[in-house]
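Here is what Swiss-Prot records for this protein:
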MOTIF     11-21  motif ''HIGH' region'
BINDING   C108, C110, C135, D137  Zn(2+) binding site
MOTIF     252-256  motif ''KMSKS' region'
BINDING   K255  ATP binding site
Amino acid sequence: MTNKVRTRFAPSPTGYMHVGNLRTALYAYLIAKHDNGDFILRIEDTDQERLVEGALDVIYNTLKITGLSHDEGPDIGGPVGPYVQSERRNIYIEYAEKLIEKGEAYYCFCSKERLDMLRANSEALKRPFRYDKHCIDLSKEEIDKKIAEGVPYVIRQKNPTTGSTSFHDEIYGDISVDNSELDDMILIKSDGLPTYNFANVVDDHLMGITHVVRGSEYLSSSPKYNRLYEAFGWDVPIYVHCPPIMKDEHHKLSKRNGDASFEDLMAKGYLKEAILNYIALLGWNPGGEKEVFSMEELIEAFNYRNINKAPAVFDTKKLKWMNGEYIRALSLDKFHEMALPYYEEALTRDLDTKKISELLHTRVEVLNEIPEQLDFFNNLLEYSPKMYIHKKMKTTYENSLKSLEEVLPKLEALENWTFENIKEVCMNLVKELEVKNGVVLWPIRTAVSGKQFTPGGAFEIADILGKEETLERIKIGIDKLKALQ
């Protein structure tokens, strides 16, 4: 292998794309692309019981949607395949046997019952479970006999009980662990498949991975990884352990607890660019005030040494704000295209949706806010006459009624129903009555919408509703106000 930077994203196909997994993929991608390196996709499916049908498609689709394009992987191949761990079974067995020859691993024939008893004893003593090395000194004859008899076995790593193992992480610094704390972890399971930990080390070496990006929960396993690298005489890759993502101060974000996945966020109307931008900042500090980054800018700016140790809190409000920034940066045509499915779902009347998009483009932060802003376009909801009273607009029941009664015949006489003509009629009435704009415009907006807050003013709403519906709603407003007299 060359000195080229090579990173990997190695998910297990066990369900949705959790935000933490996506951040790992993003950081691995950014590290590789910052130095014109390779980003590899590897599928870790050694835990067959946890596999979920369709989850592999989720992984491929997410990488495709987000633009985190891999240079090598199961679907496109590459020079160091196969890229699916279950297809590499013989490779792992070969390397496990090399460790046995070196005296760095051993066969373990302990039954499930014996291991359960050891676990129960550990729990009773409130100690972490560690295998007691019962099989470590079996002779070759004993081993051959048991294998010939078909006794199930695993292959375990042989760790020392004295001294310490040290490793360096780019985020957490130098870490040293007493070897007495290291369990003789299983390398090859009784079904012949490797454990996650063993497969990782073998694959990362054989695939030339230079930077290993993963969550900080794997810090505790790193000494055992290092012992494997040393046993094989391999170079240790650069470790980049990322801090956990928290849903709040005390709870980690977790797909098992139903916290938002990438698919969930997309379904709620967040833009993929905003999600990636926000996730990039969960633990990484670019320095300076800038927070909105394109993918090209992220690739250029990303330095993994600026990742923080402190847990990052997933702040939905901040994500929402950032998504709003991205929506406002869209062209009107692009926003309209993205809004159309929401209009089809929410609107029951045939209206000019392009005009609605002009109103909403700068007023929504998440696309799924669109339907709640459209209800009054379908029909006039019941509202209280008190809405006509607005202190700032200086409106009362009396002057609101006067404004509506005065504007009604003028709008009825309007032959060409356009925004400009509606505006001209209303503003002429303001001059005619010698009042502030709000005295005329607030009652009209209230009458045509029945809402205190709308994504547009009186002119825009009347233009979109059309002449007949606008006049009908103004008449209803007049009746409401007359009923108070």
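One is the number of the first residue shown, and numbering goes on along the chain from there.
Just so it is clear, glycine is given a Cβ too, placed from its N, Cα and C backbone atoms.
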DSSP-derived class (H/G/I helix, E/B strand, else coil) of C108 (Zn(2+) binding site): strand
Entry from the binding-site residues list C108, C110, C135 having the most other CB atoms no farther than 10 A: C108
D137 (Zn(2+) binding site): tally of other CB atoms within 10 A of its CB: 8
The motif ''HIGH' region' (11-21), counted residue by residue under DSSP: helix, strand, coil: 3 helix, 1 strand, 7 coil
Sorted by sequence, non-C108, C110, C135, D137 residues with Cβ within 8 Å of centre, Zn(2+): Y106, Y107, F109, K133, H134, I136, L138, R156
